[in-house]
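Following: one structure in structure tokens, then a few remarks.
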Amino acid sequence: MLNIFNPAKIPIFSKTHLRFLVRFQTKPISSSSVPTHQHITHLILEQKSASQALETFRWASKLPKFTHSQSTYRALIHKLCIFRRFDCVKEVLDEMPTSVGSPPDETIFVTIIRDLGRAKMTREAIKVLDLVSRFKKDPSLKICNSILDVLVKEDIDLARAFYRKKMMACGIQGDDYTFGILMKGLCLTNRISDGFKLLQLMKSRGITPNTVIYNTLIHALCRHGKVGIGRGRSLMNEIVEPNEVTFNVLISAYCKEGDMIQALVLLEKSFDLGFVLDVITITKVMEILCNEGRVMEAVEVLEIVEERGGSVDAVAYNTLIKGFCNLGKANLGLRFLKEMERKGCLPNVNTYNELISGLCESKKFDSALELLNEMRRDGVSPNFLTYDTLVRGLCSGGKTGDGLKILNQMEESRGGSGGQISPYNSVIYGLYKENQSEEAFEFLTKMGSFFPRAVDRSRRILGFCEEGCVWEAKRVYDEMTKEGGLPSALVYASLIRGLCQEGEIREAFELMNEMVGHGYFPVSSTFNALISEFCRQGKVESASKLMEEMVGRGCFPDTGSFSPLIDTFCRKGDLQRALRLLLQMVEKGIIPDYCTWNSLLLCLSQEIKWSESRNVLLVNNLLSSIL
């Protein structure tokens with residue numbers, strides 16, 4: 001027996017061994033009470049160090065009628081390798097022919113190889129072949145494949161050299177698993193052409209590549225966009241029996257490229273062959289359909305998968321719900337919430353967030369608030385996105401008071417703001433939309449306890465704009481955004497107005513686009529500043545288009561919107577367009593102010609024979625209508 005440690009220094013029984021003996025030696029030793037190799041193997045594997053594993057192994061060897069086996073030696077060698085006691089492994093192997101009566105078997109060498117791989121001692125794995133030869137044995141295919149698998153993970157060229165110089169030199173040609181390992185290594189290093197050469201080599205030797213090898217190469221091809229996917233699709237035709245993985249790889253690739261038609265064609269083919277694809281692939285197909293507005297087709301895909309026993313998770317249902325909400329059909333989304341619950345698929349916080357967002361977009365605020373209460377009743381805790389979505393929706397929809405209540409709930413449940421400023425900016429936006437600038441400024445000031453830096457900069461910007469120092473305000477704004485700060489609607493509106501007063505219409509227009517990009521649509525007073533400046537610069541067509549966009553977005557123009565345009569048309573002598581605008585103004589119930597009438601009358605007085613035309617009658621009719 002190998003004397004690796006000093007037996008005198010090791011206690012006869014540890015606590016673990018005593019527990020073991022209690023189990024096996026509470027009655028006289030008989031053939032039935034001898035511990036099995038499985039029990040000793042388990043005991044060795046439980047030890048917390050290499051020395052304890054050795055101690056347990058030697059202790060077991062002294063038990064009456066117990067003899068070690070290949071399995072107990074394998075357990076000991078595995079523990080030695082885990083603790084990197086590779087110096088002891090060779091000695092343990094050498095004692096096996098005497099102790100067990102046979103040399104180490106194939107599984108022991110495979111264990112050593114894999115443990116060397118885990119220890120990142122890749123090149124040492126090759127030397128295991130020398131260990132095998134010490135026992136007058138030829139390396140088996142399984143041992144060589146194990147070494148090859150370890151080598152591939154570090155260096156594909158090293159693995160290929162091992163195959164040529166070691167395996168083939170020993171007369172080992174390899175099998176499907178061998179070539180599968182090599183194909184994996186080539187594809188992981190993006191050596192697609194070498195992968196095709198390997199495929200041809202297999203065929204030339206009369207080996208039919210299995211589905212796994214084809215799938216590996218197809219997966220690598222699909223990483224190269226449309227061209228690669230096309231080659232992968234062609235390669236699929238060579239497979240004798242394509243499987244679910246084949247379809248999963250190709251369909252996912254088509255979805256990534258946005259090729260919905262090809263994805264659906266392959267999906268239909270997979271259904272015809274009786275395959276049930278994994279939920280990730282199915283969800284990708286549903287997502288691409290929902291993005292195209294074809295939500296009912298996504299529902300059909302889901303139903304087919306469920307009918308065939310496929311698994312569908314909350315992510316798949318969430319995709320459907322989001323699709324319905326994007327179409328403005330949040331009520332249908334609510335129906336699928338009940339459907340998924342009925343089928344035992346529990347909704348998560350993302351499910352509720354998608355529905356709350358959809359309901360807010362559809363202005364169904366009462367339903368959104370009820371859903372918040374429902375999710376709490378169902379034991380799903382709202383996260384920051386839940387509160388943020390609700391506050392933004394309510395404040396954008398003219399219910400700033402309700403938005404403030406939800407904000408307060410968020411602070412109570414999360415113990416403060418959580419460092420997220422967006423819901424607070426939503427409240428400011430709501431007050432801005434309701435033309436409550438003073439209240440918005442007061443709320444901004446109160447935010448100082450949570451966001452002192454952001455509030456300080458916002459107040460400086462507003463102050464500079466008020467003093468007419470717009471470029472100083474813009475400088476602070478640039479600093480703020482450069483550091484990732486999110487300005488409020490109040491800041492944007494003040495800067496746009498200030499830039500317009502300076503005649504910097506392009507800068508103001510770009511800033512308005514940024515404002516809209518952050519979800520803050522300007523109110524009429526902000527639009528009016530731009531319209532007035534366009535008109536002052538004689539760019540009346542740009543002013544007209546801006547007002548059309550303003551109306552198209554649901555923002556109602558007022559006197560300040562129409563007056564600059566009417567005045568500009570009058571100064572240009574375009575009475576007809578001025579009168580058309582006046583008519584639109586009156587139809588909307590907006591009473592023209594003194595300046596508007598003055599511009600029109602001045603323009604009329606300059607018309608030849610204006611008193612003989614019907615213009616006077618038109619003006620009289622307008623006056624009567626207004627009165």
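Cβ coordinates come from backbone N, Cα and C, glycine included.
What TrEMBL says about a protein is an automatic prediction, not a curated fact.
The repeat 'PPR' annotation in TrEMBL covers 175-209 (among others). If one looks beyond the repeat 'PPR' (175-209) by at least 6 residues along the same chain, the residues whose Cβ comes under 8 Å of a Cβ in the stretch are 141, 144-145, 148-149, 152-153, 156, 159-160, 163, 167, 216-217, 219-221, 223-224, 228, 240.
Annotated repeat 'PPR' per TrEMBL: 243-277 (among others), in sequence order. For the repeat 'PPR' (243-277), the DSSP counts in helix, strand and coil order read 27 helix, 0 strand, 8 coil.
Annotated repeat 'PPR' per TrEMBL: 278-312 (among others), in sequence order. Taken as a whole, the repeat 'PPR' (278-312) shows an average pLDDT of 93 in this prediction.
Sorting the repeat 'PPR' (313-347) by DSSP state (H, G, I as helix; E, B as strand; all else coil) yields 26 helix, 0 strand, 9 coil. Under the heading repeat 'PPR', TrEMBL lists 313-347 (among others).
Sequence-remote contacts of a segment are chain residues at least 6 beyond its ends whose Cβ falls under 8 Å from one of its Cβ atoms, and for the repeat 'PPR' (348-382) they are 314-315, 317-318, 321-322, 324-326, 328-330, 333-334, 337, 340, 389-390, 392-394, 396-397, 399, 402, 406, 413. Per TrEMBL, repeat 'PPR' is recorded for 348-382 (among others).
Positions annotated as repeat 'PPR' by TrEMBL: 383-413 (among others).
Per TrEMBL, the feature repeat 'PPR' maps to 488-522 (among others). Beyond the repeat 'PPR' (488-522), the same-chain residues lying 6 or more positions past its ends with a Cβ under 8 Å from any Cβ of the stretch are 392, 396, 425, 428-429, 432-433, 437, 440-441, 444, 458, 461-462, 464-466, 468, 470-471, 473-474, 477, 529-530, 532-534, 536-537, 539, 553, 555.
For 523-557 (among others), the entry in TrEMBL reads repeat 'PPR'.
Feature annotation from TrEMBL assigns repeat 'PPR' to 558-592 (among others).
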Who are the long-range neighbours of the repeat 'PPR' (278-312) in its own chain, taking Cβ under 8 Å and residues 6 or more past its ends? 244, 247-248, 251-252, 255-256, 258, 260, 263-264, 267, 271, 319-320, 322-324, 326-327, 329, 343, 345
For the repeat 'PPR' (243-277), distant same-chain residues with Cβ under 8 A (at least six beyond the ends): 211-212, 214-215, 218-219, 222, 225-226, 228-229, 232-233, 236, 284-285, 287-289, 292, 301, 304-305, 308-310
Reduced to three DSSP states, the repeat 'PPR' (278-312) has 26 helix, 0 strand, 9 coil
